[in-house]
């Protein structure tokens, strides 16, 4: 799988290259600045891009803007955005086109190599990988609103919903929660009923539906 | 070479004299009626305030007078090289005529304008006209010996006695030549003093229109106070950051290092224990990172650095447990310190609203108009908030004071609460 990597800090870029290569990814390009990233995305046609939000020359949200532009030009181009901090504002912008293949993670998640690589693969496959922090904030908000449907979920179901919103499949959720896949399927079915969402087999659409639900009524 | 320079000096001096005379004449003729008109209208309008009519007319009249005075200020700079600062307070953008009129009347600049108008129509008029008189009067003196004296003393004028040119009684050709001599003297005086007389006019205008010493003193007092507050606040902030780093992230990183050292020793002897310590080290480093993140957010929020005030406030609203609507109308970005102050002010106002108001909806509105950033935070809670010592709002006021910003709180018991902030600034 060919990856374009954009990160301005040498140590981190180097580390990511080694990490990804260790997991059999091919690094098509590892760039430092926004314009370089823009060129690499246009010319190299990678399977997935891993992008830092803040990039030179502006040192603002150049990386995010590049990713959004690239996805406008090539809809569905898988992009995993890494950041020192996560903001719902940015998560919403990434999810806004509804075409999947996006991820938005704290840089800390790289600590857990397995989990991080899993996220890269999921994004490359058209799925989503949202940082647990974003999801928790979203859920906390809905819960605080009082009479929201999220309140009617059992703690177990909330846990499943959180993992689901991060973009995990039923099998992954079952593994994480140490229950059978059947149990997870039952929970998800209950969640969909309580939230009034249409059941769908597609992982990606499932997550987008959850997020869209969490988004509405604000 | 030398002569050339001298004649050139005389030539430019003559040009200056003629220019001063022309401009002085124009200024005197145009500004006299305007000064009288402005003065009378101001007096009448203010006198009519008790019966209400003045409330409506005064803002217009005062604004007209200000425009007139400002025009004179620019002319002073352009024609006389005397720069006069304009120091009007910004007029409040309220539709309430009473507030508007009252704010205008409270501005010392309004009264300064009013004092200047009578001076301008008397002493100002004379000094503006003086160069023209100095230049034009000799022309008459030179015309007298050329035959004008016959017209002025003969015919119907004969019975009034001699024609006086200055202090010279002109009655025949000889005295007419005397008048011409006097005219020559006046012309020499004009050549030497016309420009400085014209300057005197602008110096007079400056004396009347420039902000007074008392105002400057008051301004200095306010600045000193806000600077002390700013220094205090930033020192306290630095202490807090130092303490947070020292007790938090720094301590955790030390712990990580120690754990890793122990792991190094244990890795062969007791792999189980080593693994446990490694997990602990990873947890500590993750915690250190999240502490650093919070610290950074407290110093300069990342979204503010990346996107500016509008999106930073939007991101802030998304993190609040209360539904918050954010409206932004900003055409650019303010300077970083202003943005930062505004952001933290909004953040504090929102925290107050969430903590104390009991509201379930908050509206934030950001806009820039008339050279000011205007921010309002409104909630539908129970109200009763007040500014004053010891409240969070007082801290907010201090924070804004550094930038000459102001804070207004409207919070009747029972709500709603509306906190309005205004910071003068430009966007780029």
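Any Cβ shown, glycine's included, is placed from N, Cα and C.
According to TrEMBL, the domain 'Response regulatory' annotation covers A:2-122. Residues annotated as domain 'HTH luxR-type' in TrEMBL: A:146-217. Under the heading 4-aspartylphosphate, TrEMBL lists A:52.
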Cβ neighbours of residue A:52 (4-aspartylphosphate) where a neighbour is any other Cβ within 10 Å: 25
DSSP-derived helix, strand and coil totals, residue by residue, for the domain 'Response regulatory' (A:2-122): 59 helix, 28 strand, 34 coil
The domain 'HTH luxR-type' (A:146-217) - residue tally per DSSP class, helix then strand then coil: 52 helix, 0 strand, 20 coil
